[in-house]
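Below you'll find the structure I mean.
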Amino acid sequence: MRNLFYALICVLALSACNNSASQKMLPIYGNREASTKTVDGKTVTDTIYQTIPKFNFINQYGDSISNKSLDGNIYVADFFFTTCPSICPVMHRNMLNVYKEFKNVGNFKIVSYTIDPKHDSVDVLKKYADKLGVTGNNWLFLQGQKEETYKLAKGYMVEAREGNVHDGYFILVDKQKRIRGSYLGTDPAEVTKMIADIKTLQAEPDQNIAQ
Amino acid sequence: MRWQLSALILFVISFLVISCANDQDIEFKRAYSAGEVVYTQHCQNCHGNNGEGLSALMPPLTDSVYLKQNKTQLACIIKFGLKDKLVIVSGKPYQNQMPPADLAPIEISQVLTYVKNSFGNKMGVVKVEDVNKDLGDCK
């Protein structure tokens, strides 16, 4: 009996150690390569992660928004178009919850790229944002060249192509512009998980360094 | 013998129970459940799981007064959609485009039965004859 008791103490102590040691981290997605440099005579190997490529688009207020404008922000991106009758209303109904959750939090943004720039002018995007109930700069609706948008979608590891075809994923990007999660935007349960993951990401030490 | 007798009694009782649910009730339930399927496929993305709509983009389907006042227009709106038309629902303006849904009159009557008896609405069954009549008068 006494042996059993000691065994129990040991197991408890071990599990307590495990809990405190493992701080939750989100995975880092995409390709990675090793870069070996010589610093001060020592060989140092670093991992270079896949990051979101450069872009320069226009938002719903007619302002220019580039990848640089998002520096220092954790953000969620998706691809949509305003006249989409199928999955977009569902995606943005769910995204609205994300918007409300982080409305008063700094360094967080939502970025929705239109894949139909011919119809979705700045004016159309502004009206769409207004009607959705979005104000301020926390949720940006971006419009750029069609081909550029398709190319950029690949950088986010999602699909967008001719004929207004796109998938419904929300992509979570960290302050180093690395992809940290992808969630089916049409599924409320996945979006709830994303909200939790955003909070986890915000708590990561890396994300608190001023960029 | 006793076994046969109790089986007979059971049969008679179940027959009585089934015929108690009257024809109208069955007709309503059939239309309502078929309408739910049509709603999920054609309407739910925009108008929501609970007919709540989406902000000021998509009108809710919870306004019984609108449904009553535009009774004869509803089939036409579903079949041909809306474009550049301002509608006032629950006191709020909506002017988004609604795509036409390629539905048969029977499906329209089913989905209308579903909508008019869900989300807080309680307006009874919509007959396919009425839908056919309304579709003939579409503007």
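Placed from the backbone N, Cα and C atoms, the Cβ positions cover glycine too.
A TrEMBL annotation is a machine prediction, not a hand-curated record.
Residues annotated as signal peptide in TrEMBL: A:1-21. Summarising the annotation, TrEMBL assigns domain 'Thioredoxin' to A:46-203. Taken from TrEMBL, the feature Cu cation binding site applies to A:Cys84, A:Cys88, A:His166. The annotation disulfide bond is assigned in TrEMBL to A:Cys84-A:Cys88.
Describe each of these features in terms of where it is and what it packs against.
A:Cys88 (Cu cation binding site) falls within a helix when secondary structure is assigned with DSSP. Sequence-distant neighbours of A:Cys88 (Cu cation binding site) (same chain, 6+ apart, CB under 8 A from its CB) are A:Phe80, A:Phe81, A:Thr82.
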Output, ordered by sequence, the same-chain residues six or more apart from A:His166 (Cu cation binding site) with a CB under 8 Å from its CB, or 'none'.
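In sequence order, A:Phe79, A:Phe80, A:Phe81, A:Ile115, A:Ala153, A:Val158, A:Glu159, A:Ala160 meet the Cβ cut-off.
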CB neighbours of A:Cys84 (Cu cation binding site) within 10 A?
19
